[in-house]
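A quick write-up on the structure given underneath.
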Amino acid sequence: MMQFAWQSYKRYAMGKNELRPLTKDGYEGNMFGGLSGATVIDSLDTLYLMELKEEFQEAKAWVGESFHLNVSGEASLFEVNIRYIGGLLSAFYLTGEEVFRIKAIRLGEKLLPAFNTPTGIPKGVVSFKSGNWGWATAGSSSILAEFGSLHLEFLHLTELSGNQVFAEKVRNIRKVLRKIEKPFGLYPNFLSPVSGNWVQHHVSVGGLGDSFYEYLIKSWLMSGKTDMEAKNMYYEALEAIETYLLNVSPGGLTYIAEWRGGILDHKMGHLACFSGGMIALGAEDAKEEKRAHYRELAAQITKTCHESYARSDTKLGPEAFWFNSGREAVATQLSESYYILRPEVVESYMYLWRQTHNPIYREWGWEVVLALEKYCRTEAGFSGIQDVYSSTPNHDNKQQSFFLAETLKYLYLLFSEDDLLSLEDWVFNTEAHPLPVNHSDSSGRAWGRH
């Protein structure tokens, strides 16, 4: 599947950000500020892991010869960080090839103007125009999942460059978040980079909030379990989530609802389905009396996400699903019934498999493989579908770069031995790019105990 996705991309869209398989052309999008080749950078580590040597060399050659950083558009800080910086860092750590390290650091430097705000909380959009250091206009707000998902990559940028500025930027974000008052211990999704205050009291473990929580537990693990601040923030946040957002439906399905100023929306987004894997990953370092509880909670949430797949005609899950009287784990409107090749459900299957070795997770993963082949494979690549509840769905004409970075990688790891990217030695960024755990006892300056 990876070979087919890559070869289709190479044939019809090489160098563009993503392949459009129905029209057989490439697509640049407006998220990356003029940067191109998102699919190349996102695929490097997957190609390498799968030992697709020829394809990896093609991708590496493109990075060396055609990946230009002299662009001047406006980009999503978050997307460039998780896809490009993450992909380049992983490629470097897996191969030691200097080209990846140099490009990662140079691109990292281009992201720094985003932090030029009164609080140091970065704006969501970074301008690549040189000398454009103006900060956010009052009234704009930054998104928790975006400014909260820089920590892993920026510590590695400091590690590989010797430049402390990257680590300082993310340490400051951590400091602001630690000190600010949190309603009921919950972290709202929007913060003003100008005032440093929460903008709305919306809380979600789905989009807008998701990877902030993931990066807390992963910062603890990546630091070789020395970053106590991250550990404490994670378990405190998880307790608040359990207290205020966790629900069990009448039909017995455990889910994490969304919170709007104290009122719950009984829906769960596909993006929130990463949380089963996250809670499993964090279970072993919880207080002794909570470990078994968290393992069970991870299994229950993952089972709910599987139900969202099982209850559709395609056996792929919708973008969001609700828990209303009688109808559970299904989307309620067409605008939430699409599947865009997202990885979060198979990501949780992979973590739960590694923790339990219960064969059900491989069975569930194989159901996804068959459904992708049946409904998402087209003549020229894989495409998302517009309605998971139709047995003849329309394709959306996009082969997302994260399909190659994440969905296929997590599926491959689910069916591999545990020592392929052992969770003792690697932490995945939120685009599934593996970053090494810092095992040195005399922890290097980037990792310093606070």
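Including glycine, each Cβ sits where the backbone N, Cα and C put it.
Remember, TrEMBL labels are computer predictions, not curated facts.
Since this is a predicted model, take the numbers as computed values, not measurements.
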Disulphide pairing with C273 per TrEMBL - partner from C305, C376: C305
Cβ neighbour count (within 10 Å, all chains shown) around E344 (active site): 25
Length of the line joining the Cα atoms of C273 (disulfide bond) and E319 (active site, proton donor), in Å: 10
Residues satisfying Cβ distance under 8 Å from C305 (disulfide bond), sequence separation of at least 6: M268, H270, C273, G276, G317, E344, V345, S348
From recorded positions E79, E319, T430, the one whose Cα lies nearest D210 (active site): T430
Proximal but sequence-remote residues of the same chain as E79 (active site, proton donor) (Cβ under 8 Å, at least 6 apart): M31, F32
Residue pair E319 (active site, proton donor), T430 (Ca(2+) binding site) - Cα distance, angstrom, rounded: 18
C-beta crowding around E319 (active site, proton donor), within 10 angstroms: 20
